[in-house]
Amino acid sequence: MKILRKNHPLLKIINHSFIDLPTPSNISSWWNFGSLLGMCLVIQILTGLFLAMHYTSDTTTAFSSVAHICRDVNYGWLIRYLHANGASMFFICLFIHVGRGIYYGSYVLSETWNIGIILFLTTMATAFVGYVLPWGQMSFWGATVITNLLSAIPYIGSTLVEWIWGGFSVDKATLTRFFAFHFILPFIIAAFALVHLLFLHETGSNNPSGLNSDSDKIPFHPYYTTKDLLGIFLLLLVLMILALFFPDILGDPDNFTPANPLNTPAHXXPXXXXLFAYAILRSIPNKLGGVLALILSILILAAFPLLNTSKQHGLIFRPVTQVIYWXXIANLLVLTWIGGQPVEYPFTMIGQIASITYFAIXIILIPVSNTIENNIIKL
């Protein structure tokens, strides 16, 4: 078996990626989230496949087909709630994974980092088009509001929006194409995830100390396969508790009402995962400015390798930047809270302050703290 594993053309790739892979001996549980994201993707594709067997992407039947899945299909309610809450778990793991990458300086592996940003954006796009499919009130108005943002693009904006809609409003054509996108994008994500791993294994994993670990590597199996398995069981436990006891806690009550173009909800709020970006968008009075800020709030991650001037790898021995990092996490939580609040005083002002702080931390404060710490080392 050992000879086959090392010599067979297909098994050799798996062996070098998951069995005999040299891994730093000191990576902590924060490194578990990569495998958890892989697990989330598998759960989403499998549950999504079964949902697609019973769902119809037509404005007249979409809402009732989701009700039919929950009422008449064997364990349809469970498949649907695993899919809906699995998406939330996916984003929680994604945010922790990115947060860990920033904290431990994984952005210096620039190819892996940039493909990670593409994965992040693709996942957000997939979640958005998926949120439209149940064709409830929030699905319809969320689709209308978010796609309308493209009309802020000069010259081609309005034409682009109508092209995406497939008409003059969000309608049957929009729903059908969103279903097509939602079906294909997870497979594109899976392909990018493999490229992400390919580039990671070119350089080897980072580790909490930020030091070179070439002299202290251990095989991935059995040490980290066991560790990942524990993480996966814990993830499944949380997911099952969510799906079985609190299935609708992360959803929106408006989505229990079928889509009605004549009746607008009190305030359209996106899914919990993208609220921080939505809060940044709303903080800027100008439409085009808001859209640019929304895009930059994600693309700012691509600036981390460029703005990094520190002589040290990661924040483990950098107390000044650690304080700024945790302030940024708190800032992100404030933005997430603001995104779900109505557009009125004091929420608008808090949102504007938090948005300015968000960009200031990443573009000004972290590079300044890098310089301060480099000078402290010289002393």
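Note that Cβ sites are derived from N, Cα and C of the backbone, with glycine treated the same way.
Here is what Swiss-Prot says about this protein:
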type: TRANSMEM; residues: 33-53; note: transmembrane segment
type: TRANSMEM; residues: 77-98; note: transmembrane segment
type: BINDING; residues: HIS83, HIS182; note: heme b b562 binding site
type: BINDING; residues: HIS97, HIS196; note: heme b b566 binding site
type: TRANSMEM; residues: 113-133; note: transmembrane segment
type: TRANSMEM; residues: 178-198; note: transmembrane segment
type: BINDING; residues: HIS201; note: ubiquinone binding site
type: TRANSMEM; residues: 226-246; note: transmembrane segment
type: TRANSMEM; residues: 288-308; note: transmembrane segment
type: TRANSMEM; residues: 320-340; note: transmembrane segment
type: TRANSMEM; residues: 347-367; note: transmembrane segment
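Sequence-distant contacts of the transmembrane segment (77-98), counting only residues of its own chain at least 6 positions beyond either end whose CB sits under 8 Å from a CB of the stretch, comprise 30, 33-34, 36-37, 40-41, 43-44, 47-48, 50-51, 66, 69-71, 116, 120, 123, 127, 130, 235, 238-239, 242-244, 247, 250-251, 271-273, 301. Spatially, the transmembrane segment (113-133) is not adjacent to the transmembrane segment (320-340); fewer than three Cβ-Cβ distances between them are under 8 Å for residues at least 6 apart in sequence. Secondary structure at HIS97 (heme b b566 binding site), taken from DSSP and collapsed to helix, strand or coil, is helix. Between the transmembrane segment (288-308) and the transmembrane segment (33-53) there are fewer than 3 Cβ pairs closer than 8 Å, counting only pairs 6 or more residues apart in sequence, which means the two stretches are not in contact. With a cut-off of 8 Å on Cβ pairs spaced 6 or more residues apart, the transmembrane segment (226-246) and the transmembrane segment (347-367) reach fewer than 3 such pairs and are scored as not touching.
Among the binding-site residues HIS83, HIS97, HIS182, HIS201, the residue whose Cβ has the fewest other Cβ atoms within 10 Å is HIS201.
Looking at HIS196 (heme b b566 binding site) and HIS182 (heme b b562 binding site), their Cα atoms lie 21 Å from each other.
HIS196 (heme b b566 binding site): 21 other CB atoms within 10 A of its CB, across all protein chains. Of the candidate binding-site residues, HIS83, HIS182, HIS201, the one lying closest to HIS97 (heme b b566 binding site) when CA atoms are compared is HIS201. Taking only the Cα positions, the spacing between HIS182 (heme b b562 binding site) and HIS201 (ubiquinone binding site) is 29 angstrom. Across the fold, the C-alpha of the residue listed as 'ubiquinone binding site' and the C-alpha of HIS83 (heme b b562 binding site) stand 30 Å from each other.
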